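**Q** Okay, handing you the structure first.
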Amino acid sequence: MPEQSNDYRVAVFGAGGVGKSSLVLRFVKGTFRESYIPTVEDTYRQVISCDKSICTLQITDTTGSHQFPAMQRLSISKGHAFILVYSITSRQSLEELKPIYEQICEIKGDVESIPIMLVGNKCDESPNREVQSSEAEALARTWKCAFMETSAKLNHNVKELFQELLNLEKRRTVSLQIDGKKSKQQKRKEKLKGKCVVM
């Protein structure tokens with residue numbers, strides 16, 4: 001039997017049209033829509049298992065518009081982890097992530113302890129690429145976050161994206177325990193090298 005149940009809040013940010021909703025819908029529902037429908041804000045839940053506990057991923061798909069700064073701040077303050085999405089076909093969409101990243105730093109403080117993924121979506125449109133993966137990798141190193149390219153359309157690296165985000169959380173949670181006594185749960189996790197599994 002699972003020991004506990006808790007919510008883990010993930011906020012997805014990015015400019016309009018980069019595929020935030022497509023990534024979330026592909027992960028949660030396994031679907032992809034060709035048409036672009038602007039999002040104000042949607043929340044989805046996905047249950048995952050992590051060792052012997054059940055965790056509910058609460059994924060907030062935020063607006064790509066700059067008209068709702070209060071909603072953006074609220075999503076950051078409530079979030080446990082962040083996915084910053086740009087389109088590899090739009091350099092501007094990568095540039096637009098910088099103020100969002102800065103706001104996460106401002107609200108959350110030490111971002112080294114927070115799982116953040118920089119995601120280059122639409123890698124199926126490689127002939128129209130404006131952002132090289134090496135450039136995004138360099139930015140991710142500067143921001144001290146992880147990097148991955150995805151395609152919601154082809155279902156490429158979508159599940160892996162959320163899996164990696166959870167792995168970052170586990171690694172960072174474990175690393176925070178080194179200066180004090182580790183709990184039995186932490187010892188068990190390290191002994192088993194257990195991982196959160198996306199169902």
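Cβ atoms here come from the backbone N, Cα and C positions, even for glycine.
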**Q** Which one of 36-44, 54-62, 99-107, 144-152 shows up in Swiss-Prot as motif 'Effector region'?
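**A** The listed stretch tagged motif 'Effector region' in Swiss-Prot is 36-44.
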**Q** Among S35, S77, S90, can you tell me which residue Swiss-Prot lists with the annotation phosphoserine?
**A** S35
**Q** Between the recorded positions T62, N121, S126, where is the Cβ count within 10 Å the lowest?
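**A** It is S126 that, of the recorded positions T62, N121, S126, has the fewest other Cβ atoms within 10 Å.
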**Q** Could you please provide the mean pLDDT value for the motif 'Effector region' (36-44)?
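**A** That stretch averages a pLDDT of 64.
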